[in-house]
Amino acid sequence: MVYDIMDYDIELWDIVKKEINRQERHIDLVASENYISIQAMKAQGSQLTNKYAEGYPGKRYYGGCKYVDLIEQLAIDRAKVLFTAEYVNVQPHSGSQANFSVFNALLDPGDTILGMHLYHGGHLTHGSKVNFSGKLYKTIFYGVDKFGCIDYEQLCFLTERYRPKMIIGGFSAYSGIVDWARMRRIADSVGAYFFVDMAHIAGLVAAGVYPNPIPYAHVVTATTHKTLAGPRGGIILSNGDNDIEFYRKLDASVFPGSQGGPLMHVIAAKAVAFKEAMHVDFKRYQKQVIINSQKMAKEFLNNGFTVVSGIPYNHLFILDLTNHYITGKDASLVLERANIIVNKNCIPNDSHSPFITSGIRIGTAAVTRRGFNDNDVQEVARWICNILNDISNEKIILNAKKNVLDICYRHPVY
């Protein structure tokens, strides 16, 4: 029997090899991406993928679940310790599905939700009209002030005026510190649920280098990739004062409410990632992620670029390219020619569509994972500045690409 994909399916393996090579030879500055460990990859590629296990540990609809019960409970217990949570559900297949489960558990169609506007740093699942959250619920948005910081006065005003049933904290493109306690007080003023999506900062929170929202929110969701550097997937957490009925609602909204059988091989990989995140090396890594983010942002500022929200306090920041007369789309395309990967991103009150944008989002979780230090990322920022200051200059692009290949060779992914 042939066990190796390279021997069985040469056509597929050829494509996979090209992607592996691309990852090794490109600098990944996409804030939502990271590199999973070999150990977690092995768990995800194990025989656990063969097992169907609808239900929860001890309450399955299938036989033969003795060992997958132990694996899921291990993942739950580790996440509880890691995030100081009373309740954890590790079954959501993604962050978006975790968010859907929270909405489905706590809201009725037509209820009002108040979330951060997509252009100001929010996420599609926080009320965008192209997403279920904007189609099933009445959506109101808060944003950032002229300094790029969350406008809490606007948030308070909108809360009093529209009395939402849920206020959403969290973001996909915001680089400041969020005052979770203040947001909870605002939610409490109208009896609203306070729900936090910490998908982007879960690793930072686990390491204790960014404020933990769990003591303040009714419910929190996260992804297990991004800064947590685990497999692609979602989790739901809560410190709901041991409100068993509240936890049951959340569980029922995941299964059977929105999913069938959980992906046991992915849950095993989540368990590995949670163990890794408990190690002292993980905290050092997350500290360096923020150091690298701040170092890059300062380099851009020193070169005349605009950084939305100023110096970042997490792993990401947005470059506003308006004063350089470049769209985010053009910037991302020209940088990719130099083997530097970013994503185009809207800026507050953007005049361009999300397909074009006036900015790019830069994240340091992945490059830090492969060993880039603050001097390395400062160099990378300089190369980006050189390219964006003269995007038609082929010599600059080729020189940057040469430098990228050299630094990637010195810092392999695996």
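Note: Cβ is positioned from N, Cα and C throughout, glycine not excepted.
What Swiss-Prot lists as (6S)-5,6,7,8-tetrahydrofolate binding site is LEU118, GLY122, HIS123, LEU124, SER353, PRO354, PHE355. Here Swiss-Prot flags LYS226 as N6-(pyridoxal phosphate)lysine. Swiss-Prot lists HIS225 with the feature site 'Plays an important role in substrate specificity', giving sequence analysis as the kind of evidence.
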Using DSSP and three states only, what is PHE355 ((6S)-5,6,7,8-tetrahydrofolate binding site)? coil
Hey, how far is HIS123 ((6S)-5,6,7,8-tetrahydrofolate binding site) from LYS226 (N6-(pyridoxal phosphate)lysine), Cα to Cα, in Å? 15
Long-range neighbours only, meaning 6 or more apart in sequence with Cβ under 8 Å: which ones does PRO354 ((6S)-5,6,7,8-tetrahydrofolate binding site) have? LEU118, CYS346
Largest inter-residue Cα distance among LEU118, GLY122, HIS123, LEU124, SER353, PRO354, PHE355 [record-listed (6S)-5,6,7,8-tetrahydrofolate binders, Å]: 16
Cα-Cα distance linking LYS226 (N6-(pyridoxal phosphate)lysine) and GLY122 ((6S)-5,6,7,8-tetrahydrofolate binding site), given in Å to the nearest integer: 16
Given the binding-site residues LEU118, LEU124, the candidate whose Cβ has the fewest other Cβ atoms within 10 Å is LEU124
Please report the Cα separation of PHE355 ((6S)-5,6,7,8-tetrahydrofolate binding site) and LYS226 (N6-(pyridoxal phosphate)lysine) in Å, rounded to an integer. 22
Per residue, counting other C-beta atoms within 10 angstroms of the C-beta, which of the recorded positions HIS123, HIS225, LYS226 reaches the highest number? LYS226
Measuring Cα to Cα, how many angstrom lie between LEU124 ((6S)-5,6,7,8-tetrahydrofolate binding site) and the residue listed as 'N6-(pyridoxal phosphate)lysine'? 17
